[in-house]
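Visitor: Have a look at this one before I ask anything.
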Amino acid sequence: MAILVPQCLARLMLLLLLIGVTNAQLSSNFYSSSCPNLLSIIQTAVNSAVSSDSRMGASLLRLHFHDCFVAGCDASVLLDDTANFTGEKTAGPNNNSLRGFEVIDNIKTQVEAACPGVVSCADILTVAARDGVVALNGPSWAIALGRRDSTTASLSNANSQIPGPNNNLNGLITAFSNKGFTAREMVALSGSHTIGQARCTTFRNRIYNEANINATFATSTRANCPRSGGDNTLSPLDVATPTAFNNDYYRNLISLKGLLHSDQQLFNNGSTDAQVRAYSTNSASFFNDFAAAMVKMTNLSPLTGTNGQIRRNCRRTN
């Protein structure tokens, strides 16, 4: 018996360890029994939001991207500032720019009513971003669930790790490489700019001072963005089809109609020109690569198992 007890304990400890590892991993059916209507609740809410505001699909996708690029997809970007806590909302890439918080709040309220204390804000945002793309005729992708929410955020990381509109090609490649993405995946994810709009302050220098820009496009865009003032005036990132998720973004780059400096850097006699050309003529290739890269992004350093929490309110910790 003295020999069997340690063996039994060892087996029990191994079993518990394996169970812990299993519970800590993301799963496609994570909420199948605990919140079976989750996906339909999110999809209905997102479709309604996009129907009311076609820009919202892009806003939810961007919100998710800016969340995942700072310590992983943990809903840190959703946290409001408090007297003792500074979140990520006032970071340079986010301040007066990120949108869609109220859509996530609405979904969270509905989910809490159906399954209180079960579903994380991180999972809600991850699914909502996907559904926002689908609502604009973009590709879908499989999402594994089971993320938990962070109890903190990082203003400094949001300022330093999220690529910006003035990045050059090397800066973009490095920023994405730091998160484990290849240059090809970076070009595919940049295709998210086939939807959404940007503020004048982010592209003013390009339309007035850069040479690698279509002259007619520059002139028409200046009408919406004066040399001074009007910083928050909006222009579509994809001038051709701003509310449809397609590969027109890459055609625009070839025509030198990239709105942001960072956009046109993808097609500027550099190492990514060939990939831009490929996507411009092959929508299926772009959709497949974008979906695959999004799956990879949703799996960036998720909090699982006993890490993090399930926030009752996405804007603050429990």
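Using N, Cα and C of the backbone, Cβ positions are placed for all residues, glycine too.
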Visitor: Could you identify, going by TrEMBL, the member of Cys115, Cys121, Cys200 that forms a disulphide bond with Cys35?
Guide: Cys115
Visitor: Which of these links to Cys68 by a disulfide bond in TrEMBL: Cys73, Cys121?
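Guide: That record, TrEMBL, gives the partner as Cys73.
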Visitor: If you pull up TrEMBL, which of Cys121, Cys200 shows a disulphide to Cys314?
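Guide: Disulfide mapping in TrEMBL sends Cys314 to Cys121.
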Visitor: For the disulfide involving Cys225, grab the partner from Cys8, Cys200 as TrEMBL records it.
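Guide: Checking TrEMBL, the candidate bonded to Cys225 through a disulfide is Cys200.
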Visitor: Using His193 (heme b binding site) as the reference point, find which of the binding-site residues Asp67, Asp74, Glu88 has the shortest Cα-to-Cα distance to it.
Guide: Asp67
Visitor: Just checking the disulfide-bonded residues Cys73, Cys200, Cys314: which sit within 10 A of Asp67 (Ca(2+) 1 binding site), CA to CA?
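Guide: Those near Asp67 (Ca(2+) 1 binding site) - Cα within 10 Å - are Cys73, in sequence order.
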Visitor: Using a 10 Å radius around its CB, how many other CB atoms surround Val70 (Ca(2+) 1 binding site)?
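Guide: Other Cβ atoms found within 10 Å: 27.
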Visitor: So which of the binding-site residues is most packed in, judged by how many other Cβ atoms lie within 10 Å of its Cβ, out of Asp67, Glu88, Asp238?
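Guide: Within the set of binding-site residues, the most crowded position is Asp67.
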Visitor: Apart from Thr194, Asp238, Thr241, which residues in this chain have a Cβ no more than 8 Å from the mean position of the Cβ atoms of those residues at the Ca(2+) 2 site?
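Guide: Nearby residues not in the site list: His193, Ile195, Pro236, Leu237, Val239, Ala240, Pro242, Thr243, Ala244, Phe245, Asn246, Asp248, Tyr249, Asn252.
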